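Database features (TrEMBL):
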TRANSMEM  A:126-147  transmembrane segment
TRANSMEM  A:190-207  transmembrane segment
TRANSMEM  A:227-247  transmembrane segment
TRANSMEM  A:325-343  transmembrane segment
TRANSMEM  A:350-369  transmembrane segment
TRANSMEM  A:406-429  transmembrane segment
TRANSMEM  A:450-468  transmembrane segment
TRANSMEM  A:474-495  transmembrane segment
Amino acid sequence: SISKVHCVVLLTMTVFSGYFSHSTDFEVHRNWLAITHSLPVSKWYHENTSEWTLDYPPLFAWFEYSLSHVAQHFDKEMLVVQNLIYTSPATILFQRLSVIVTDIVFIYAVKECCRSVREEKGSKDLLGHPFFILAALLLWNFGLLIVDHIHFQYNGFLFGILLLSVARHLQGRHLEGALLFTVLLNLKHIYLYIAPAYGIFLLRSYCFTKDNTDGSVRWSSFSPVRLVALGSIVISVGALSFGPFIAMGQLPQVLSRLFPFKRGLCHAYWAPNVWALYNMVDKALSVLGVRLKLLDVAKLPKASMTGGLVQEFQHSILPSVSPSITLICTLLSIMPAVLSIWCRPRGARGFLRCLVVCALGSFMFGWHVHEKAILMAILPFSILAVESREDAGIFLMLTTTGHYSLFPLLFTAAELPIKVLLMLLFTLYSFTSLKKLFRGSLLNPLETTYLLGLVAVEILCEVVYPLSPWQHTLPFVPLLVTSVYCSLGVSYSFIRLYVSLLRQHGTDKHKQL
Amino acid sequence: MENWSLVSICVLFGLTARWAVSLNSYSGAGKPPMFGDYEAQRHWQEVTYNLPVHEWYFNTTDNNLNYWGLDYPPLTAYHSLLCAHLINPDWVELHASRGHESYGHKLFMRATVLVADLLIYIPAVVLYSFYLSEGSNKKKVFLCILLYPGLILIDYGHFQYNSISLGLALWGVVVLGLGWDVLGSLAFVLSLNYKQMELYHSLPFFCYLLGKCFKQGLAGRGLFLLVKIAVTVLVTFALCWLPFLSDPGQILQVVHRLFPVGRGLFEDKVANTWCSLNVLIKIKTILSTDTQLYFSLTTTLLAILPSSIKLLMKPTLWQFKLALVNSSLAFFLFSFQVHEKSILLPALPVCLLLNDLPLPAIWFLQASTFSMLPLFLKDGLLVPYVVTSLAFLFFSIYLLSAFEHCSEDKLRLGPYRRLLICIVRRYGYLSNCINKDHFYFSITAMAGLSFMSVALAPPDQLPDLFPLLVSVFSYLHFLGLLLYFNIVQIAEPLQSVRKNQKKSN
């Protein structure tokens, strides 16, 4: 009965999903429906009539293909590739319905996650149960609502598969979890970022059936059967997805579509990560340098940092950052976490923590990261947040700043009340429910001040700034301020999460001594 | 969870639902030359802003009454004037701004509705839920009242300001429930001066206050109370109508605008007796306008008499709530020139009954939303209608445990059964009408009719088939529920002897 209420709430939220008709993602998916339906398979990754080329792995293309068979009953015209920016009411209705229907996967995944949550004994009313709080935090997650129903993506569906995979691992059904993750990877390759966590965890905790008494690897317990099972899952799903393209010799083309490194370091709206801070420092130094007459204005490169589809970027003072550098930084940032679950595995929960760290690390240091990627860390972290007090504190910090950084995605005046109301709803709920669950305040005064500062930033960006004279001379200032302010919060959460992970590792080591 | 946080979450949720609906289309969007209610409101802002007071209700060269002439009492006019002062003057320029539609303007108009709601209606609901409803269900009742789809869809979709008049009326009820009779009558008079349809609620207010005066003894305190209330009412009326008092011609013209008796028994398809009767006998053509007027007047009076007399004899809050329902529903079903939006007037007191009689209340509220379906379809509000109705149904049935309160005792039909069992044994089955199966059947039928209205085209000989089916179906519900609520009110014993009747005032 709880899930019924949640279903209805989800449905209720879709009442304003009528607004994604102006989002470019709507056109992206319509285009992909058209491509997969009207063209033969060999042309899918070569087609470029529209600027929104197919840049997800083939399994997603097959998914769009199956959707297109339903779409033709709604409006045949949307499946014509040449009909760019085609938005008939039937098209909008179909797209909207497809998101709602695929969200069922997400609801099922949430139900499974709630089943795996550890519960304390004791009488609690319904609202105080950890599993209810978790269900609420996941189903009413502000970021997911904004991104999926207003911006139109299939993130509910994809995150549903991710959460289901995590739930299966928490329940000990590792093969199913591995299968789900491989499917996910073939649906959207951004999940490569958390593949190391899966890989090392499965290798260490699944392929080696027993540990030594001190927790280290017992090489003799290696089970080739399990390794072969895992391998066959990965290969068979990969074959299903990439097979036809490898057979046609199109693999390089597909890969070039999937990994377009020509895009800039930062997305058009800067994700609140390390590179946003880096850019900001660079800009500040260059402005300072010009003021102090240390630099010549004419010699500074004029490229903008936001790129989009095209440019590379040149920093003025600090060294430029290339894709390989970001990759190295990301790998370095997740290395300690991954090593920790190799040396001292702590079961599925240790894996989940490592997964969150990998997701967050890749968000912090990745190339052309979109703000939406913060959800890849927030959603799995919710499971840990309802089980431990310290995690709840980090969760509140991360979620509030992460969600606030999504505000620039909705920039019209009509959407302002919606995003403010939803943000208030979610923040109020998460704070009060977690506070009640863990009986006491979860944040120290400094953190609380920082979060209250978000209100000031919001007022600055939405009210003060449009009325000030700088709106025309420095139009990017609200985005800059939002990104930089949020990246402080996100970095802080990242560091705290790492500290908690390594501290657990340390206490384990201590126990052995 | 603490009270304040739950209440805030409910309010935020209600506000989100409201704003989400307001992102949709409004009445008359993009439909020249007359547009719809949205344009009417904008036009009133234009008229009140640019013209002097004594011209507002008159047909002059500057003010063409055929184009959305002002037909609500002065408070609406003052409210429009206030709104007009707050915005871009281009939007209310005389003549030139007719049919003005723009993104910014829509945002502004929607925002005015939200502000009015937040200032008047929502606080009244908060006070009602937490001070006047009984039991442990306060927050649940609060959420369910906030989610009533009919009001949200009409105010934020079709575009009207019902939350102001209904909110003020609710303030009246709450304040009277707390025992402050003079302030309560003040609130109600203000509500009446905002929309004249509040007259549907006036008889219960009158009977309740008169009954209280009688109870306190007409020779002493009762008379004093009566005089106080009468003075308050007169003074408030005078204040509201102040600019018009200088000239009797003004007053007459305003009254003429408020009560257009020349317009016939009904317009369009309404879920009331005359429209439904018209299907079988074409009364609109058989009887003359005057006969129709007298006929409807008599039936209305007959319908409201029992309830009003009972309230006069026993002025408690419970009787008052029931009388509000019975009176406004009777007016809706039998009165002259009723619009389908007037169903909101009985819907408000029924919301107040959600805690005590959950299943009948939910049934009525759903039927009321359903009865306005043709209007929503015309305005392009299908998706909000479906989503808000589903949400309301699920939340209210789940939160208020509606199906567990179906026993005869819970439905307050006990006295009725005892009364009737000696007279006619057969009619006892009527009390079994309100149960889960019938409810499901009804909801399924509504869903089916909704689907058919959208997906199928009506046959050529009967172009109004679906609106007619919707209104007749709703009418049957309203008639049945009118009977039920009347029985509950009248069958209640005059002296509260039962121990679970804690309601006394």
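Even glycines carry a Cβ here, placed using N, Cα and C.
Predicted, not measured: the structure shown is a model, and the values here were computed from it.
Taking every listed stretch (A:126-147, A:227-247, A:406-429, A:474-495) in turn, the largest tally of C-beta pairs under 8 A with the transmembrane segment (A:190-207) is reached by A:227-247. Counting Cβ pairs under 8 Å that are 6 or more residues apart, the transmembrane segment (A:350-369) and the transmembrane segment (A:474-495) reach 3 or more and are in contact. Using a Cβ-Cβ cut-off under 8 Å and counting only residues 6 or more beyond its ends in the same chain, the transmembrane segment (A:450-468) has close neighbours at 397, 400-401, 404, 407, 416, 420, 443, 477-478, 481-482, 485, 488-489. The transmembrane segment (A:406-429) shares more Cβ pairs under 8 Å with A:126-147 than with any other stretch in the list A:126-147, A:325-343, A:474-495. Sequence-distant contacts of the transmembrane segment (A:126-147), counting only residues of its own chain at least 6 positions beyond either end whose CB sits under 8 Å from a CB of the stretch, comprise 2-3, 6, 9-10, 13, 106-107, 110-111, 113-115, 117-120, 153, 155-156, 159, 163, 372, 374-375, 378-379, 382-383, 385-387, 402-403, 406, 409-410, 419, 422-423, 425-427, 429-430, 433-434, 436-437.
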